[in-house]
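Trainee: For reference, TrEMBL lists these features for the protein:
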{"type": "TRANSMEM", "residues": "89-110", "note": "transmembrane segment"}
{"type": "DOMAIN", "residues": "90-373", "note": "domain 'ABC transmembrane type-1'"}
{"type": "TRANSMEM", "residues": "130-153", "note": "transmembrane segment"}
{"type": "TRANSMEM", "residues": "206-229", "note": "transmembrane segment"}
{"type": "TRANSMEM", "residues": "235-254", "note": "transmembrane segment"}
{"type": "DOMAIN", "residues": "267-503", "note": "domain 'ABC transporter'"}
{"type": "TRANSMEM", "residues": "315-337", "note": "transmembrane segment"}
{"type": "TRANSMEM", "residues": "349-369", "note": "transmembrane segment"}
{"type": "TRANSMEM", "residues": "500-521", "note": "transmembrane segment"}
{"type": "DOMAIN", "residues": "504-773", "note": "domain 'ABC transmembrane type-1'"}
{"type": "TRANSMEM", "residues": "527-549", "note": "transmembrane segment"}
{"type": "TRANSMEM", "residues": "603-625", "note": "transmembrane segment"}
{"type": "TRANSMEM", "residues": "631-650", "note": "transmembrane segment"}
{"type": "TRANSMEM", "residues": "716-739", "note": "transmembrane segment"}
{"type": "DOMAIN", "residues": "809-1042", "note": "domain 'ABC transporter'"}
Amino acid sequence: MEPLRKEAKDNPSASANLLSKIFFCWLNPLFRIGYRRKLQEDDMYKVLPEDASDRLGEEYWNQEIQQAANELRPPKLTKALIQCYWKSYLLIGSYIFIEVYQIIQPVLLGKLIEYFESYDPANSPAVSEAYIYAAGISLSTISLTVLHHLYFYHVQRAGMKIRVAVCHMIYRKALCLNSSALAKTTTGQIVNLLSNDVNKFDEVTLYLHFLWIGPLQAASVIILLLYAIGPSCLAGMAVFFFMMPVQTMFGRLFSRLRAETAVLTDERIRTMSEVISGIRVIKMYGWEKPFGALVDEVRRMEISKIMKSSYLRGLNMASFFAASKVIIFVTVCVYVLTGNTLSASRVFMAVSLYGAVRLTITLFFPCAIEKVSESLISIERIKLHLYPDQDMDLLPGGDLAIVGDRGANLSGGQKARVSLARSVYQDADIYLLDDPLSAVDAEVGRCICGLLRKKPRILVTHQLQYLKAADQIVVLKEVRVVQPTKEESRFEGNVGLHMYVKYFMAGANFLVLLVLILLNALAHVSFVLMLVFVFLSGLTATSVVFGFVRSLVFFNVLVSSAQTLHNNMFNAILRTPIHFFDINPIGRILNRFSKDIGYLDSLLPWTFVDFIQVFLQVIGVIAVAAVIIPWILIPVVPLLVVFLFLRCYFLQTSRDIKRLESTTRSPVFSHLSSSLQGLSTIRAFKVQQRFQQTFDEYQDLHSEAWFLFLTTSRWFAVRLDGICSVFVTITAFGCLYLRDGLEPGAVGLALSYAVTLTGMFQWGVRQSAEIENMMTSVERVVEYAELESEAPWETDKQPSSDWPKAGCITFDRVNFSYSASEPLVLKNLSLVFKSREKVGIVGRTGAGKSSLISALFRLAEPEGRITIDGFLTSEIGLHTLRQKMSIIPQDPVLFTGTMRKNLDPFKQHTDEDLWNALQEVQMKAMVDELPSKLETVLTESGSNFSVGQRQLVCLARAILRKTRILIIDEATANVDPRTDGLIQQTIRDKFQECTVLTIAHRLNTIIDCDRILVLDAGRIQEYDEPYVLLQNQDGLFYQMVQQTGRAEAASLLHTAKQVTTSTFVPGQACP
């Protein structure tokens, strides 16, 4: 669990005055701080009370469930959301309603050009009227700027509120899932809901109002066009209305593809979650390749759907840019062919009117359809989740030590101690203890009879030595949570050019990129020529065709980049040392594979293509303006300088906020993953409310960053548009001031280009800043793609195929730590495990038992020499080494997939081999009763099997591998005596010719070993035969035996006495 930071600052927007709220001036101090230094979490402001996660509850959803039950119908999440938010969202629509009157601007422009067409210096009333028109253009531009950004600020905030409320509900529901519902729900599915599905609320609220504004604005424009150019306008509008059903069809296709993609994303993230959770076992088995292939296959299918969606987006976007060209061409042609004479005022008024609705009808309206379609799919997926049935001294820092994700930085014994201490700390009236002593030494067990002696205690246990202290025994038969988590790193400064190069080169080679540049150039050369020769149909068609091809190729390259970067990141994750997973919570890693990859898959390509097209259009407009009215370019240069300065100033802060937004997402996912892992514990201690509160605090932390991201974006946009409004005002009044000698056409071009150019300028600058912000996700993905790698899986130095024959293991002055910055956990170990020897490894919690196994498997590189049959392990590949040893781990790990795949992921064994292995561990009958036998698909982490059954499957894996070395890492700590006995007997029978190393806290499981290795604080304390060790009453092993109790100690001594050197005939001594 990641620590929450100290109290945040009060939010200045709550006390800001009206002008400060309109122009976001309350953010100025933050921008000054961000310009001087890197922003930290402590620089963020508290969420506003009305945006807090715990305030945005689910009462409307609960009411809908109750009402649906009464009416015998399924509940509708859409209805609950509408009931909750319709009033506030409808009120926001009043801001955008003014956008309908954007069409007044072209009318005023036409009137101003009419004045120049009939210019008479002696006509004073006409001059006054012209100034009124210029003032009207200026005021409409300024008012639209203010209202436009107020609208987008409020709808983005509304989307944030809905998203946060739904996330709260999703987590709350996860805490209430019953066992059957939990079996059908995967971590990947819930992570995907929280990372991708809920984001649709942020997107749909942006565009939803345009579903009614679009048709209303279109109707108003038709009326004005009929007045301006007569029925000829209907030809151009016909193109608009032809596109609308096409856009609707695209929306339906988006909806279908979104549903298909979401299922595959669930599957990929679920698999990733299992891989990360079980990475230690995967590495020790040498199973990285089959799991890599599994994720690659799911990702390949997912990217196939994403590519189709991207092609649709490309067509959508190309149609948006082509629409204006085709509409103007068709309108002008029809107008001239019907015998009308073109005049400057009519042409520019018509063009400006089309321009006024072009954005709404060909971009915002189709976006609304697309986002509504995608949102309905996401709402349905969320509803399916919401509706199922419910129901320390060794630690640095002592009791202030930070526990890693899922207790990754604690040994099994330390986890058990923390769990036991937590229950004692509760000071409850009744204690239900579910075998908490299996992974700890006998001394710890005394707390049940000591600290809790006056409390009723029900102890479920497999360890019979504790039964003598019980007041009553119930026998059941066949009844069916060392280093702190590291803070997540953040980049500083600009996103370097090298990052953009890596991004593009990941999607295409140099030749393809050259073709892409050529396509862009051809598309915009034809666009510029069309601006000059609007009557040439060939140019129009060429411009449209190149525009479509360019968009499709661009999307193909960028989605391919996302695919390559994902694969690089996943491969790097598989190859990085195990220490990385100990210090990085699972949620932090999944954040990059879900949210950041989500940006790379869809939003970043769309934004990049949009920016490139706008940028090239700006160049085209400037080129035409330079030829026709070069004097208008005089103010463009200072305008560009001001824009670029503002962009630089804005990005210094915005980039850091975007990076903070990314890192503050990780604790949300980590907390979710940890909660699902420990759901039974959370419920047993009745701390659901505490965990819900922690989730809400993490959500609020992320909302602080998100709120700043959307408000700083508005701060930037309103200033860019404000400067543009001033530029348009100067141009309008400048034309009147310089009216003598100006042609009507020049005035029309000057004013329409002033509006177009500044609009494009500010949009292009904003999109370039948005790209820089989104490129932080590329940074984060590339950071993981370049993680430190383990030693190679294979090397040129290969032992013989039958190595190791004897299984002799030698440690020669071995020191071991999990990273260079960590203290040694094994210190100067020198010892020999002889061929076929059975060695028990014991010691107090944290003595270094599991670390010895980690050194043997090279989970981190040890110092000194470790040899197996004389072969130096550091000289061979990791897979060569690890696949020649078998391990039965402390936590039995199974994976989603068939029983066959869990036993034999490389498909190296026949069905007969698999059934024989299951027979050896007495699992054959149980698997034979499964619906599809070996092909039965196990649920996530094998949760439909008991712990004991999972451990037996792990034993069956070891039998199948037929290796000469077997390591048992407290494998029987959590199983009943019968299963324990079965495992011990199977090991004696099937691994008689193997060298077996057994780590155990339960001394009865290793007392019959040939020798016992006693470790303490990473050093060898004792190493000899069990009976010999028990003769030393000052020895650590003797003390551990005595702590089990008098009867148990006597039994252990008797067993040890029977194990003498005569019963062990070693194969050969190690060289």
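Each Cβ is built from the backbone N, Cα and C atoms, and glycine gets one as well.
Curation plays no part in TrEMBL annotations; they are all automatic predictions.
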Trainee: Could you name the stretch, out of 206-229, 315-337, 631-650, with the greatest number of CB pairs under 8 A to the transmembrane segment (716-739)?
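Mentor: Selected stretch: 631-650, with the most Cβ pairs under 8 Å.
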Trainee: Same chain only, please: residues at least 6 beyond the ends of the transmembrane segment (349-369) with a C-beta under 8 Å from a C-beta of the stretch. Say none if there are none.
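Mentor: Distant contacts of the transmembrane segment (349-369): 99, 102-103, 105-107, 109-110, 113, 204, 206-208, 210-211, 213-214, 217-218, 221, 224-225, 228-229, 233, 236, 240, 243-244, 247-248, 250-251, 316, 319-320, 323-324, 327-328, 331, 752, 755-756.
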Trainee: Who are the long-range neighbours of the transmembrane segment (631-650) in its own chain, taking Cβ under 8 Å and residues 6 or more past its ends?
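Mentor: 31, 35, 622, 625, 712, 715-716, 719-720, 723, 727, 730-731, 749-750, 753-754, 757-758, 761-762, 765, 768-769.
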Trainee: What residues in the same chain, six or more past the boundaries of the transmembrane segment (603-625), come closer than 8 Å to it by Cβ-Cβ distance?
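Mentor: For the transmembrane segment (603-625), the sequence-distant neighbours (Cβ-Cβ under 8 Å, at least 6 residues beyond its ends) are 310, 313-314, 317, 321, 520, 523-524, 527-528, 531-532, 551, 554-555, 558-559, 562, 632-633, 636, 749, 753, 756-757, 760-761, 763-764, 767-768, 770-771, 774-775, 777-778.
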Trainee: Where else in the chain does the transmembrane segment (235-254) make close Cβ contacts, counting only residues six or more beyond its ends and a cut-off under 8 Å?
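Mentor: Long-range Cβ neighbours of the transmembrane segment (235-254): 218, 221-222, 225, 309, 312, 315-316, 319, 323, 326-328, 330-331, 333-334, 350, 354, 357, 361-362, 365-366, 369-370, 372-374.
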